[in-house]
Structures are given as C-alpha cells and as structure tokens.
Amino acid sequence: MKMGAIAVIGAGKWGQALHFALSFNQECYITSRTKKNIKNFVDLDFALDCEYLVIAIPAQEIRAWLKQNFKFKGQKILVASKGIEADTGAFLNDIYSSFIPDENIGFISGPSFAAEVIKALPCALVINSVSKNIYEEYSKFFPNFIKTYYSSDVIGAEVAGAYKNVLAIASGICEGLELGKNAQASLIARGLVEMYRFGKHFGAKESSFLGLSGAGDLFLTANSTMSRNYRVGLGLAKNRTLKDILDDLGEVAEGVKTAFAIDKLSIQYDIYLPIAKEVKLILEGKNPKDSLKDLLNK
Ligand SMILES: NC(=O)C1=CN([C@@H]2O[C@H](COP(=O)(O)OP(=O)(O)OC[C@H]3O[C@@H](n4cnc5c(N)ncnc54)[C@H](O)[C@@H]3O)[C@@H](O)[C@H]2O)C=CC1
Ligand SMILES: O=C(CO)COP(=O)(O)O
C-alpha cells in the first residue's frame, strides 16, 4: 500500500472539488469510471492502493461499487456521499461497515457546494468518525480555506446530510409554487425538527442538527438554486415530469431516492415524518398543491 498517499474516487462535481482542495497541501490522486483530463488522474487500481481514500460516488451506487472493486488492506476512508440506500433503507455507514472496520471510516458533512469549494471560497466542515485519529489525519490534508471540526456522531451526520436533500426538494417546491418566504422559512424550520426526530430514533445527537451538518447544510441547500435537489423541487412545482427534470440535471440529486428510503424507514419504525412523506408522494405524481393542503391540515 502507498503509505501517506491520498486519492479521490469519483470525479463528479464533489469529487473534483475535493480533489482540488486536497491538492493544496499535498499531491492528491483522482480516479473515475471514465478517464478524465484532470491533473494526477490515475487508474482505479493505483487509487485503491493509496492509504487515504475519499469516496464521492452517489449513495445508491456504493454497495455495488464496494462489492465489485474494494479489498480492505488498511485504507482509511472518508465518505463524501449524502444519501440513504433506497432499496434497503440502509445507512451508508452500515454498508461501508461490512467491508471496512468502523475505526477506518469517516464521513465529511456540512454546507459545501462543490462550485464554491472549487473556487477556494471559505467554508467549515465536519469530519465524523468513531475514531478521532481519522479526523486528525484527514484534517491535515485540508487547505486553510476549509476549517474542519471533529464529531463522533456518525449517524447524526449521515441523517442530516441525507435528509436535508429531501427537504431541499420540498423547499424548491415551495418556491416554485410561489408560496412566499414565510412559508419557506416555516417549512425549513419544521423540516429541521422532522429530521432531528428521525435522527434521534437512530441514536443521533441533537448537537449535530444544530450545527454545520444539520442546520448549516439544510439552510444552504434549502435556500439556493445552486442545489440540484432544490432545482428538482422547482421543476416538480412547475408540473415537469421527474424524468424530464433529472435528464436535464445530468447530475445526481440524492434527495429523490433518499425520500423513498426515509419513507420506508418511517413506516418500518413508525416515525412521524410528514414533509418527507409528501415529497415522496409528489415524486410519485401527487399534485404539490394537494400536498400543501395536506401539510397545512395535518
Ligand atoms: N456537488 C456538491 O456540491 C456536493 C455533493 N455531495 C455528495 O457527493 C456525492 C456525489 O455528488 P456529485 O459529485 O456532486 O455528483 P455528480 O453527479 O456530479 O457525479 C457523480 C459521479 O459519480 C460517478 N459514478 C456514478 N456511478 C458510479 C459507479 N457505479 N461507480 C463509480 N462511479 C460512479 C459518476 O461517473 C460521476 O462522476 C453525492 O452523494 C452528493 O450528495 C456532497 C457535498 C457537496
Ligand atoms: O450537499 C450539498 C451541499 O452541501 C449539495 O447539494 P445538492 O446535491 O442539492 O446540489
């Protein structure tokens, strides 16, 4: 194994932004399914032999990708994806845990549009891991325009990062329906309560929802057309079909599949999640105006 070497796996928007940021203090490699003209682009085998691996592929692809490609030989993983597996309702940490010991896994969370990170604009992020060593080792790799914090609340970070994408869809719908800023702020605030209720069920800490991973990322994503999930919501409110919206987007909007995962878990564990439920129903074709009426009267 190449000790001390770092590689990013997945050269989408976030993978490329992280590669850019992680190249400030050291050489950082990057790989993806198709060859790209990026500095230090390497093949997958070269990347998998690095001690530090930042994985930025869509949540729904992770299990199959790990099965097909990954062999654990002591690598330290930083998970950059935000989502819950739709088919099973599995959290990403559970998926990674069956391939890699928990002490070798960290999750990066917090408000971070790739388009701003790749311009070296400042932001603050959280590295979440049961092992503080993972935070200490990874935080040294980050450039000085990114401040990193440590948290051991892996499930809190995971839930917050995944749930805010669903709420960003709801917030985009709110703007698309021209319901006004009062409605949008009400939706986001109730969304925060809802995602904490969900997280608490799985043992997440309240502090994660009050900080960068929860409120920070939610306020960012649910207030900006820079968010792909928000733009999905805008399209749904304008009665565009989901297929049409996603074809146009050409990038992943994790909230779409995650809405189904959350709904599955909400039924399985009997957790009251009215906003996520309506997002899932709208994705299945319910008229957003009917969802609004139902939310106001619940
Ligand atoms: N774009 C952003 O601002 C941020 C994105 N994220 C998260 O990072 C993850 C990736 O997002 P983006 O890079 O923005 O998406 P993207 O749509 O720009 O790129 C996804 C990349 O994953 C690759 N990919 C897809 N399926 C794959 C597979 N089976 N095996 C290997 N590679 C595969 C694609 O080729 C593509 O390069 C998502 O979970 C997203 O929520 C997190 C923070 C910020
Ligand atoms: O997670 C993000 C910012 O923190 C990116 O959000 P979108 O995937 O909605 O663009």
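Glycine residues also receive a Cβ, built from the backbone N, Cα and C atoms like all the rest.
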Look at the sn-glycerol 3-phosphate binding annotation in TrEMBL, where Lys82, Gly110, Ser112, Asp217, Ser227, Arg228, Asn229 are given, and name the residue from Lys164, Lys277, Lys280, Lys286 listed for that site too. Lys164
The mean pLDDT across the domain 'Glycerol-3-phosphate dehydrogenase NAD-dependent N-terminal' (34-132) is 98
To the nearest Å, how far is the Cα of Lys164 (sn-glycerol 3-phosphate binding site) from the Cα of Glu254 (NADPH binding site)? 10
Among the binding-site residues Gly110, Lys164, Glu254, the ones with a Cβ under 6 Å from any atom of ligand 1 are Glu254
With sn-glycerol 3-phosphate as the bound species and Lys82, Gly110, Ser112, Lys164, Asp217, Ser227, Arg228, Asn229 as its recorded binding residues, calculate the greatest Cα-Cα distance and give it in Å as a whole number. 16
Quick one: which of the binding-site residues (Trp14, Lys164, Asn229, Val252) have their CB closer than 6 Å to ligand 2? Asn229
